[in-house]
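Feature annotations, courtesy of TrEMBL:
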| type | residues | note |
| --- | --- | --- |
| DOMAIN | 18-161 | domain 'Amino acid permease/ SLC12A' |
| TRANSMEM | 28-52 | transmembrane segment |
| TRANSMEM | 64-92 | transmembrane segment |
| TRANSMEM | 118-135 | transmembrane segment |
| TRANSMEM | 142-161 | transmembrane segment |
| DOMAIN | 267-560 | domain 'Amino acid permease/ SLC12A' |
| TRANSMEM | 281-301 | transmembrane segment |
| TRANSMEM | 321-347 | transmembrane segment |
| TRANSMEM | 367-385 | transmembrane segment |
| TRANSMEM | 421-439 | transmembrane segment |
| TRANSMEM | 445-466 | transmembrane segment |
| TRANSMEM | 478-503 | transmembrane segment |
| DOMAIN | 574-691 | domain 'SLC12A transporter C-terminal' |
| DOMAIN | 705-830 | domain 'SLC12A transporter C-terminal' |
| REGION | 812-889 | region 'Disordered' |
| COMPBIAS | 864-879 | compositional bias 'Low complexity' |
| DOMAIN | 932-1000 | domain 'SLC12A transporter C-terminal' |
Amino acid sequence: MTRLEGETEPSPTHSSLLIVSPLGPQTMLTAISMSAIATNGVVPAGGSYYMISRSLGPEFGGAVGICFYLGTTFAGAMYILGAIELLLIYIAPKAAIFPLEGLEGAEAEAALLNNMRVYGTILLFSMATVVFVGVKYVNKLALVFLACVILSILAVYAGVIKTGIDPPEFPVCLLGNRTLVWKTFDVCAKTIESANGTVTTQLWRMFCDSPLLNATCDKYFTANNISQIQGIPGVTSGILTENLFGTYYEKGDLIARNYMESAEDQDDPLTNANRYVLADIASYFTLLVGIYFPSVTGIMAGSNRSGDLRDAQKSIPVGTIAAITTTSFVYMSSVILFGACIEGVVLRDKFGEGVHGNLVIGTLAWPSPWVIVIGSFFSTCGAGLQSLTGAPRLMQAIAKDGIVPALRIFGHGKANGEPTWSLLLTACICEIGILIASLDAVAPILSMFFLMCYMFVNLACALQTLLRTPNWRPRFKFYHWALSFLGMSLCLTLMFLCSWYYAIIAMLIAGSIYKYIEFAGAEKEWGDGIRGLSLSAARYALMRLEEGPPHTKNWRPQLLTLVSTDSEQNIEQPRLLSLTNQLKAGKGLTIVGTALVGSYLENQEQTQRAEQALRKLMETEKVKGFCQVTVSSNLRDATSHLLQASGLGGLKHNAVLVSWPRNWRQGDEHQTWRNFVELVRETTAAHLAMLVPKNIAAFPSNGERFTEGHIDVWWIVHDGGMLMLLPFLLKQHKVWRKCKIRIFTVAQLDDNSIQMKKDLTTFLYHLRIEALVEVVEMHDSDISAYTYEKTLVMEQRSQMLKQINLTKNEREREIQSITDSSRGSIRRKNPAAVTTQLSVTEEPVAASKEEKPEEEVQLIHDNTTPTTPATPATLLTPTEGAKSPGEQVQMTWTEKCDGEPAKPPGAATPEGIKDIFNMKPEWENLNQSNVRRMHTALRLNEVIIKKSSEAKLVLLNMPGPPKNRSGDENYMEFLEVLTDGLNRVLLVRGGGREVITIYS
């Protein structure tokens, strides 16, 4: 790197080599990766952005592309300011609009910056006009600028050779070993001999209080001699050994010749500091790397103009690698030759204060310093033109892809494709940089943007190589994924070496752009490597999931939500997806499925419409997951296919969410409820949990908020913890967040209710679930004989209708008329049973009372034998005998057919009232057990309504269906009675395994 303002390198040869050495390989490795990507197909306009976006996806490509665009644009402003600085200081000082003569310090700096703003704006307008006219004129000017740069480099090499023969006169004045600012004195001496004797010099007056020989002078001035050395002693002087090792300075340190003796008292304070050359900033390795790095940021210049190249696949690799090889040789040789020719104190003199402000490289060059001045001026102008040419094309490529909606206007241009609007934007941003004038604070971030771009180019090449995608067939063969990873690591290391906080700022900017594109940008499928990486990671994760079922601690509801569609393929239960969203605090898998009737070949259009409707509703309800549509000859088989085939490998659903069939009693809806019962059977056989919301239309949407209320859980039997887990998950959603959980459990007459409540409270404490616990006592004295009679008459009438072989429609109408006519009767005689739908008329009641033997009624009462008390702890204890997990929670409605009489409900299990979910009566034959259970449903329904009528949601255990299908309708009637009169009910059936644990 060549310093233009009186310095060549900020540190001598050893340190400079350490700075230059890693950047050469870093740029070369990046060029190799870029060459591989550039030769893997056609690279249109966009260069580095196109490569990254097509390899890593639109988010990464857009974020890095915009950052690289900003870096290139502001770099153009830096080049223009550099050209103006050369113009005003070395070429035409008289051209300054704001005079610099006679000004010092802050005033001189302010005047210089104002001049740079004015002339920089003029030069920017001129360059933008050239770029607007056409890129062919930029290419012609580029040849002129390149010739000037080559001549300048050759002039430096010629000057180095000349120093071995005839070193130039380039004096440096030292006081002791300290470098003096050679500005206000003419002779490097304390005194000179004249005809009148010894007289003092201007230098004497700088350190003494009078020009007399007996004046009082600075102590250091008195104790040390003045010496004059050659600033450029020549390549044969052996100065290289003295410059081999560098010295880093703090701000304000003296620039001194360390190996030269000096008489000074360390305790004496520094006086006349403005007379010495001082370090203006603290220098350290990482800072100097950041200063040097902009000299290697031009490797993307060719790729940025890929759309204008005749054969980009050939030109980019050859041109970029040749340029990096040439410049690396020039930089490395310059470091060595400057260290061999130039004195160390001159190398460290940033502004050339010790050499009259002269240009060191200009003095070294042969035949004239003007070769360096003119060459440097045109070099900076050429770099500025390249930035103004490449940056608009980069922005145009980003805008045309439409990944950032706000930038789409900049995709338009002239008829020949020239990016007019992008050029205007680039010129405006560049003007902002020129008006800032001093870009020292911005420059480090720009370096981070370049390094980030290089890092992602290397990452893209490595990723494509490792994934071995079939389309990865670059013509450039001299690459390897390890080289790309090494280049990426070097870029990341250099980012944090240069400035860790600027690196973090640059990453935050890029991350913000990434998230914006992800949120607002258009969906693009470019076959990028990130998608391929996702596929590979998904395959690996699925293979790992196959190793075994998840632990209880990792269990979460993986929902298969079954919805139905109308004839136009519109979703009939949109609130099911709202509930799905509210249950997804577990962050598990979600599959939304629907079934269609017909042939797949003939119903492809309907299938696509249904899938689109599902996707649209999922997007509206913010349900993240997958949708699936199956077609079969009948709805039952199509639903069964969904249940069996959804998911992949170990990533399958473990719970089914389906709505309760509406109006199932109507004659034309009989197949709907039969399909529902079959679905319950299949989920039980597959050991899947089942969630059945009733009155789904009354459930809240995602936009609603409950400010108060309760979620009531009626814990009849233990189902693996589903009833405990679901309200906890619901409370994580903003709809249910302010609701409180209440858990009700049922006790019988002889149960210890106080102990049950205490045990359940302890159990919930260990589960880390906050809930109110209430024990509800139900015993024989609470049961009214009238309710028994109504239940029995309903069963008898239903059985009688079956026996006389009525048609289905006639039977439905008969039952409906019985139900409707009896509802008012029950309301008059038994207000507690208002909500039940299983009622009969007054006349059958009387007949029932007359016909029912007293012994039969007594038998019903005998079936309620008191049982042992149950606690939450005992509910978790496995039952006797070896049972599969599914059998432990199996709840069916079929009794044993081995000739043994059915056991009384109280003797079957220790749970008493919970027997209605565990006993197995044959519902197709009328018996007293069925009547007893239907009555228990009525009574339990009364208690639930009494306690939970105002609850926002009621969760209930859902028993299993009968094994014999002739009892399906009674099963549906039982569930209807159990939930009648409740606004929102969620029936829950466990999947046969524990889903919640007290352990961490």
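Backbone N, Cα and C atoms are what each Cβ position is placed from, and that goes for glycine too.
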Same-chain residue ranges lying at least 6 outside the transmembrane segment (421-439) that approach it to Cβ under 8 Å: 70, 73-74, 76-78, 80-81, 113-114, 116-117, 120-121, 124-125, 128, 131-132, 387-388, 391-393, 395-396, 399, 409-413
Annotated stretches the transmembrane segment (478-503) and the transmembrane segment (281-301) touching (3 or more Cβ pairs under 8 Å): yes
Contact check, the domain 'SLC12A transporter C-terminal' (932-1000) vs the domain 'Amino acid permease/ SLC12A' (18-161), 3+ Cβ pairs under 8 Å, seq sep 6+: no
Touch test for the transmembrane segment (367-385) and the transmembrane segment (28-52), at least 3 Cβ pairs under 8 Å: no
Recorded stretch, among 142-161, 281-301, 445-466, maximising Cβ pairs under 8 Å relative to the transmembrane segment (64-92): 445-466
Intrachain residues whose Cβ lies under 8 Å of the transmembrane segment (28-52), provided they are six or more past its termini: 60-62, 64-65, 68-69, 299-300, 302-308, 312-313, 316-317, 320-321, 324-325, 328, 390, 393-394, 396-398, 417, 453-454, 456-458, 460-462, 464-465, 471-476, 478-479, 483-484, 486-487, 490-491
Helix, strand and coil counts within the domain 'SLC12A transporter C-terminal' (932-1000) (DSSP): 32 helix, 10 strand, 27 coil
